[in-house]
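**Q** Just passing along the structure, written as structure tokens.
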Amino acid sequence: MNQFAYNLKQAWARLKRKPGFIVNVMLSMGVTLGALIFVSTLAYVMLLKPLPYPEQDRLFVIDSSIKLSGKPHYFSKLPPAAILDLYQNQEIFETATISYQDSKILTSDPAAPTKPVEFVTPEWFQIYGVSMMLGRGFEQTEMIGTNNPVAVLSYAIWKNDFKGRKEIVGEKITLGDVSFTVVGVMAKDFILPRVNMLPRNRDVQVILPIDFDRSQQTQALKWNPAPNGVIVGKLKDSYSVVQAEHWLGKRFKNLWQKHAADIRNFNELEITLNLQEFRTQLLGDSKQYVYFLLVAVLGLVIIASTNITNLFLSFTAEQQHQMTVHAALGAKRKSLFKFLFYQTGILVVFSVLLALFIASLGFYFAQHYFQNLLPRLNELSFNLFTFNFSLILIVIFTTVFSFVGSRIINYRKLIAGLQSSGKGVAVQVSKSVRYMLIILQVAVAIALIFINVNLMKEPFNKITQPVVYELEGLMTLWITIKGRNIQDYQDAEKLIPKLRKELSERAEIDILTFSEYPGYHTDVPATDFLIVDGKKHYFKQFQKTKMNNFQFKNVDYQYFESLRWPLLQGKSFSQKNEENQEKVIIVNDAFAREISPEGNVIGKKITLFTDQYSMSHSFYEEEITSGQVEKADYEIIGVVEGLITPSENFVPRRFYLPRLELSSIVECMFRLKENLVLKRETVVSLLNNLDRSFKLIEYEPMIDNYKEFLFPHYTTLVITIAIALLTIFLTSIGIYGILNYSIQVRRFELGTRLAMGAKRKDLVRLILKDNAKAIGFGVLMSLVVLPVIYLLFSDKLAKYINLELLPAFVATLTLIGCIAWMASYLPLRKIINRPAIYSLRGSD
């Protein structure tokens with residue numbers, strides 16, 4: 001033990017003389033290993049760590065694939081009535097539960113905040129092994145049909161909204177228009193399953209009985225696909241997955257044919273059921289992202305490792321005298337390895353400690369800002385895997401760096417060096433080793449930079465894409481009409497004019513519109529022609545496989561003016577157009593170009609077939625199945641610029657109709673006057689005073705809503721830029737360090753050439769020519785690395801394979817070339833700009 005402590009002390013004494021060396025190694029290793037520890041822990045949590053639920057291997061989800069006319073439907077979940085039937089009559093699960101997510105207004109709170117809720121059956125608590133902080137979960141008294149208004153709170157809402165009061169159990173809270181008795185609070189350490197999480201929902205805060213889910217209450221919704229309903233169950237031992245799927249398919253086929261024949265497009269809906277492992281359903285397609293991050297970080301580690309290897313080799317070469325003394329005193333090669341192992345170990349341990357700190361920052365930011373991007377991030381923290389992985393890194397890097405350093409030591413030359421007083425036997429890093437380090441760095445750097453440059457193009461284009469309307473000052477307001485049936489529009493027709501008048505008279509509001517968010521549209525079934533002025537107009541290059549061939553939106557007469565969305569041609573809707581439901585239409589420029597290449601379509605008439613029951617539209621009657629079909633010619637009165645949303649890659653062909661669309665949910669947008677603010681509390685008070693039927697769902701600036709849609713693109717852009725910049729930084733340092741060392745080794749040679757009359761440009765050409773070989777081999781090696789990476793991530797990278805890759809590759813090679821040129825010239829500059837005598841005598 002004393003010997004071990006002595007060796008560490010001596011190693012630290014040697015290192016202290018080189019503070020710059022310590023800082024370089026710790027920063028390079030700390031940053032890259034921190035990223036590696038973070039991503040490796042993320043991969044472990046997502047891919048390997050057991051789920052925090054009992055008998056996870058037996059948990060399966062009934063998954064469904066829905067196609068309309070052979071193309072994927074935008075809803076991929078089962079209808080609520082089918083989910084209910086399969087739950088009540090299933091034979092394949094030992095235990096099963098249904099769950100739906102939604103949002104409810106906490107009306108018992110004066111601020112009326114909107115809370116994410118989940119509607120479940122009592123088995124939900126058993127399947128997920130829910131541990132309780134207070135009270136109980138759901139029991140037989142909350143089975144379907146009991147209509148027992150009780151609620152279980154998450155630990156977060158209990159702590160934040162109810163101040164952690166233990167007396168909350170037994171008290172009542174009001175969500176929407178229903179008063180629920182709180183029967184329990186879930187434990188802090190219980191991790192909510194996010195298998196059917198809505199895109200904008202964070203962790204659910206309130207659990208409610210499934211009887212209070214509105215899709216179970218409204219007959220019109222029961223046989224339409226539900227956006228997020230799910231059945232999870234524990235598969236019986238007597239059933240294989242294939243047998244269970246056969247049972248599901250047979251049961252659902254009979255059910256679908258019996259109950260869904262009157263659904264619009266029934267004959268064209270194709271629904272396939274299968275069982276999916278709960279873990280697979282939970283992860284979705286996030287595996288590919290984790291694998292990509294691992295490959296990218298491993299590439300950075302390789303680059304950093306080559307840098308550090310060069311530093312260690314140079315440092316080892318400088319310790320020739322000490323090692324010579326050790327050899328003279330009888331030290332064997334094994335002892336010299338230990339000599340290097342101790343000092344290397346100190347640096348690696350310090351670097352890993354810094355890496356753990358950087359990884360902890362990664363854990364914090366991932367949990368607080370990226371919860372909705374990847375699953376299981378709430379489980380991300382230091383764990384036994386992180387600790388063991390860190391120890392493995394310490395052992396591997398200490399051993400490798402020590403071994404590589406010891407390999408450049410010629411033991412016999414060390415003895416000869418002692419006998420000759422150390423003259424002419426300096427330890428040097430061989431030319432072949434230096435070349436290999438450069439080749440490895442260049443190959444990995446080109447691959448990483450090239451891939452990240454291409455990956456950042458799409459999010460960059462999405463973020464910088466101009467918005468056709470003005471976001472600043474625009475507010476979105478979602479209101480529910482309490483207790484109204486979704487098909488009963490009469491009350492809404494009476495209430496909305498009152499609400500419009502009240503809002504219009506507010507001093508803070510400039511103009512308002514009762515229309516949906518601009519990104520929401522309804523699809524029109526694909527067609528290969530339009531009826532224009534009574535004649536069929538066929539598309540010359542129609543692609544039947546394109547989704548969302550046409551889209552429409554019902555808007556009120558102030559829609560375009562409120563959004564400050566300018567018209568390219570014609571005029572906007574008038575109040576008279578809306579009130580009389582006149583047959584006029586506004587189209588976007590993409591729609592206009594389909595009719596006329598010049599886009600001059602004002603006055604032309606488009607024939608629409610309208611389903612009076614569902615208010616959907618089509619360009620040919622065969623698409624309407626309700627039997628209540630209206631045929632009418634709509635005159636084009638205006639053309640607006642085409643809108644492309646963050647989720648779209650092209651501008652869909654859209655048209656707009658002057659109709660106020662009424663339902664139990666009212667959507668309103670209004671523009672605030674400059675420098676004025678309308679607080680949420682004021683809106684809640686205004687709604688309450690106007691009519692108790694109005695309940696606020698959501699109130700936020702439109703720009704926040706838009707940025708939320710862009711958030712995944714911002715994240716992708718930041719990550720790819722960070723990896724690219726870190727790659728450039730590490731590669732620059734690494735190549736400079738290696739080439740600087742190479743030039744210093746050849747310092748006497750270069751001084752001799754200067755003394756014999758060589759010109760500066762001759763020496764520059766000589767060095768560049770020598771280094772170009774290693775750079776060229778690195779480029780060739782990258783051409784092998786890139787196809788391998790593509791094969792690993794072909795699903796994600798296939799869409800980027802096009803002619804646009806060539807400029808990106810040329811730009812990457814140019815960047816690497818500039819780095820290599822600078823790394824070659826800057827160290828050489830010190831030699832060629834001074835008299836040769838300084839290089840010949842080895843002195844400054």
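FYI, residue positions are counted from 1 along the chain as it appears here.
Just so it is clear, glycine is given a Cβ too, placed from its N, Cα and C backbone atoms.
Pasting the relevant annotations from TrEMBL:
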- 26-245: domain 'MacB-like periplasmic core' (DOMAIN)
- 295-413: domain 'ABC3 transporter permease C-terminal' (DOMAIN)
- 549-662: domain 'MacB-like periplasmic core' (DOMAIN)
- 722-835: domain 'ABC3 transporter permease C-terminal' (DOMAIN)
- 21-47: transmembrane segment (TRANSMEM)
- 289-313: transmembrane segment (TRANSMEM)
- 339-365: transmembrane segment (TRANSMEM)
- 385-404: transmembrane segment (TRANSMEM)
- 435-456: transmembrane segment (TRANSMEM)
- 717-739: transmembrane segment (TRANSMEM)
- 774-793: transmembrane segment (TRANSMEM)
- 805-828: transmembrane segment (TRANSMEM)
**Q** Using a Cβ distance cut-off of under 8 Å, indicate which of 21-47, 339-365, 435-456, 774-793 has the most pairs with the transmembrane segment (385-404).
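**A** The stretch with the most contacts is 339-365.
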**Q** If we call contact 3 or more Cβ pairs under 8 Å (sequence gap 6 or more), are the transmembrane segment (717-739) and the transmembrane segment (289-313) touching?
**A** yes
**Q** How many helix, strand and coil residues does the domain 'ABC3 transporter permease C-terminal' (722-835) contain under DSSP?
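**A** So the domain 'ABC3 transporter permease C-terminal' (722-835) is made up of 101 helix, 0 strand, 13 coil.
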**Q** Between 339-365, 435-456, 805-828, who has the most Cβ pairs under 8 Å to the transmembrane segment (289-313)?
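**A** Most contacts with the transmembrane segment (289-313): 435-456.
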**Q** Mean pLDDT over the domain 'ABC3 transporter permease C-terminal' (295-413): what is the value?
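**A** That stretch averages a pLDDT of 80.
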